[in-house]
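Q: First the structure, which I've put down as structure tokens, then a few questions once you've had a look.
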Amino acid sequence: DDQGHTHRNLVRKSVRNLSPAERRSLVHALKSLQEDSSADGFQSLASFHAQPPLCPYPEANKRFACCVHGMATFPEWHRLYTVQFEDALRRHGSVVGIPYWDTVVPQEDLPAFFNDEIWDDPLFHANFTNPFNGADIDFNHQKIARDINVDKLFKEGPKGYDTWSFKQYIYALEQEDYCDFEVQFEIAHNAIHAWVGGTEEYSMGHLHYASYDPVFILHHSNTDRLFALWQELQKFRGHDPNEVNCALEMMREPLKPFSFGAPYNLNPTTKEHSKPEDTFDYKGHFHYEYDHLELQGMNVQRLHDYINQQKERDRVFAGFLLEGIGTSAHLDFSICKIDGECTHAGYFDVLGGSLETPWQFDRLYKYEITDVLESKGLDVHDVFDIKITQTSWDNEDISTDRFPPPSVIYVPK
């Protein structure tokens, strides 16, 4: 290609499985990218997501964030975005794809790859600030901050392996309708933004600044891996993994700012494939692949079997019709009996900011409540309320009036 590389596929590996040479190449590449002040440097690429805003076009008087959330093209926009960073890192010397941080498995510690403040390079007897530990936000003279919620990140499920993220992604992967999958998938992905950013403004938890934290690309490499896993499951289920059955017009609409071209997007590959429908064939178009497409050690066959096992009992879900509220938010909900006794039933997060593109899902986000109802001796036909509380990223209470009351959905086996 025009960068002097042959088109061999880069492999995206777990951050915990990188060889010393791979880790060194990534650290030096990101350090170099962060020092690159061109239109293809770190600050420019970070601005693709939200701030300084480039949409609807850079010369517009009133601009908003280009990143896609709350819409069917969320997976495709972020696939392009990881490619944008991956190609930039390769130009700066990386020999491996963007590694992924697998947060579906119970975490015992935070990976040193991004948690160590100092990078010690034993080969060259050098040490310097680890570029994956943070970054400057040049346009407003701030630095990325983290307020990591280790309680949620390290929390095992009742059986150990069945973490919050595992259960959320399993239900997303169960969906054979693309748009049903997308809603579940996107909300599941939001959790890591909230758990890494916490109550910090200049962080993963805020739509405007998330992409300035290098953890963003590690998280989105994993998010994209789970999207690729869904594609493999679709193939296994007899569907075309490169086709969707909904939002067809959106799939033909080029995604910004990738479609802009120079002087904003200098990457010819993401410009050429800026239509969402052109992102499905990621190996052919973007030349990367994953070391493992699995969830908690389950390959596609075993995952398919596990998903079918979940369907062998009657299930009850709480259904939420979500829309953007101009900020990131944490939602908790409880099941309340008619005598007033309430039991905590679940939680999820929304990623947002004042510059977000207005959005509203056209279908429900579903959260399973079968076990909570059983523990309280409730049947789906009994009378109970679902009570929501909503707080902003900085722990301010938010009115829940924006959302219609949750639905109760019964799914027989």
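Glycine is no exception: its Cβ is also placed from the backbone N, Cα and C atoms.
According to Swiss-Prot, the protein carries these features:
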CARBOHYD  ASN17  N-linked glycosylation site
BINDING   HIS49, HIS69, HIS78  Cu cation A binding site
DISULFID  CYS55-CYS66  disulfide bond
CARBOHYD  ASN127  N-linked glycosylation site
DISULFID  CYS179-CYS246  disulfide bond
BINDING   HIS189, HIS193, HIS220  Cu cation B binding site
DISULFID  CYS336-CYS342  disulfide bond
Q: So among HIS69, HIS78, HIS189, HIS220, all listed as binding-site residues, which is physically nearest to ASN17 (N-linked glycosylation site)? Use the C-alpha atoms.
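A: When the Cα distances are compared, HIS220 comes out closest.
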Q: From the Cα of HIS220 (Cu cation B binding site) across to the Cα of ASN127 (N-linked glycosylation site), what is the distance in angstrom?
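A: So the Cα of HIS220 (Cu cation B binding site) lies 27 Å away from that of ASN127 (N-linked glycosylation site).
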Q: Which site among HIS69, HIS189 has the most other CB atoms no more than 10 Å from its CB, taking these as binding-site residues?
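A: Result for the most crowded candidate: HIS189.
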Q: Cβ within 8 Å of the Cu cation B site's Cβ centroid: which residues qualify beyond HIS189, HIS193, HIS220?
A: HIS78, ASN190, ILE192, MET204, ALA210, PHE216, HIS219, THR223, LEU351
Q: Tell me, which recorded positions from CYS55, CYS66, CYS179, HIS189, HIS193, HIS220 are within 10 Å of HIS78 (Cu cation A binding site) if we use the C-alpha atoms?
A: HIS220
Q: Rank aside, I only need the closest one: which of the recorded positions HIS49, HIS69, CYS179 has its C-alpha nearest to that of HIS189 (Cu cation B binding site)?
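A: The answer is HIS69.
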Q: Which one is closest to CYS179 (disulfide bond) in space, judged by CA to CA distance, out of the recorded positions HIS49, CYS55, HIS193, HIS220?
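A: Out of the listed candidates, the nearest Cα belongs to HIS220.
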Q: In the same chain, outside HIS49, HIS69, HIS78, whose C-beta lies within 8 angstroms of the Cβ mean position for the Cu cation A site?
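A: My list of surrounding residues reads ALA50, CYS67, VAL68, PHE74, TRP77, TYR81, LEU207, ALA210, SER211, HIS220.
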Q: Distance between CYS55 (disulfide bond) and HIS220 (Cu cation B binding site) at the Cα atoms, whole Å?
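A: Checking the Cα atoms of CYS55 (disulfide bond) and HIS220 (Cu cation B binding site) gives a distance of 21 Å.
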Q: Taking the Cβ of CYS179 (disulfide bond) as the centre, count every other Cβ atom within 10 Å, in any protein chain shown.
A: 17
Q: From the recorded positions CYS66, HIS69, HIS193, CYS246, pick the residue whose C-alpha lies nearest to the C-alpha of CYS342 (disulfide bond).
A: HIS193
Q: Of the binding-site residues HIS49, HIS69, HIS193, HIS220, which sits closest to CYS246 (disulfide bond) by Cα distance?
A: HIS69
Q: Express the distance between the Cα positions of HIS220 (Cu cation B binding site) and HIS49 (Cu cation A binding site) as a whole number of Å.
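A: Cα of HIS220 (Cu cation B binding site) to Cα of HIS49 (Cu cation A binding site) measures 12 Å after rounding.
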